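What follows is a single structure, written as structure tokens, with notes after it.
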Amino acid sequence: MPMYQVKPYHGGSAPLHVELPTCMYRLPNVHSKTTSPATDAGHVQETSEPSLQALESRQDDILKRLYELKAAVDGLSKMIHTPDADLDVTNILQADEPTTLATNTLDLNSVLGKDYGALKDIVINANPASPPLSLLVLHRLLCERYRVLSTVHTHSSVKNVPENLVKCFGEQARKQSRHEYQLGFTLIWKNVPKTQMKFSVQTMCPIEGEGNIARFLFSLFGQKHNAVTLTLIDSWVDIAMFQLREGSSKEKAAVFRSMNSALGRSPWLVGNELTVADVVLWSVLQQTGGSSGAAPTNVQRWLKSCENLAPFSTALQLLK
């Protein structure tokens with residue numbers, strides 16, 4: 001089949017001369033028999049720049065710290081999941097020295113933010129069919145620490161709210177102007193599926209669930225704990241809300257055994273000081289009827305210790 005012929009674009013054996021643009025760097029000819037370097041290799045850096053070396057060194061340090069943190073977390077996880085974990089954690093808790101509620105101070109601005117000229121007001125929506133006793137206990141404890149302006153309202157979605165719930169904060173006679181209070185605490189009895197807390201619409205979303213709200217309120221006391229203690233406290237709060245309140249009879253029995261074991265080593269669930277774990281577990285036990293005589297010995301003793309404190313005994317009157 002005949003085809004058309006293309007004329008050669010260079011002559012015979014003469015070298016090919018191509019004008020290359022000067023805006024790009026040159027590379028050596030891969031077909032050349034010589035190994036001469038590129039004619040213009042000024043773009044190649046013989047040594048790394050100091051800034052690049054500093055970046056590499058910083059990256060190595062970060063990776064080293066990450067490996068150390070991973071090793072620490074792995075060791076802690078192994079300690080908690082081994083049979084002798086209780087003994088190890090107890091030793092760590094004894095070495096820790098938590099601050100007490102009575103002596104520690106906290107700047108509310110560091111937690112709630114600074115709002116010039118406005119009272120920091122915490123608004124809680126709660127269902128009167130299931131009063132969140134832990135929040136009422138924490139309210140009383142907050143009143144012992146700060147100047148709290150307390151108010152109670154009833155939403156139109158509920159009717160016939162018991163008188164003791166309407167007056168759960170007692171007779172609130174305002175003795176000073178609003179700006180002289182440090183904290184506002186507003187409780188609204190409302191038909192809601194879960195207890196809700198709203199503080200600042202601009203800076204934070206609502207918090208749902210009695211356990212989560214209790215965590216937030218207890219943080220206002222400024223207690224300092226190490227990582228192990230904080231993990232145990234959060235674990236007890238989750239156990240109260242998910243296993244003790246919503247779990248099966250077997251799960252509840254397992255919770256009682258764990259509580260009895262922990263209270264056999266210390267007066268409170270986590271160490272020698274009252275924590276939010278004690279408040280939330282006590283509240284759930286009262287609401288679910290778990291505080292009856294069927295509770296183990298150490299749990300019964302712990303319940304009496306709670307009820308000997310004024311904030312607990314006052315909240316307990318709301319169920320009668």
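Residue 1 is the first one shown; counting continues down the chain.
A Cβ is built for glycine as well, from the same backbone N, Cα and C atoms used for every other residue.
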In Swiss-Prot, the member of Ser36, Ser130 to which phosphoserine is assigned: Ser36
For the region 'Interaction with TP53' (162-225), residues assigned helix / strand / coil by DSSP: 17 helix, 12 strand, 35 coil
Whole-number mean of pLDDT values that fall within the region 'Interaction with TP53' (162-225): 83
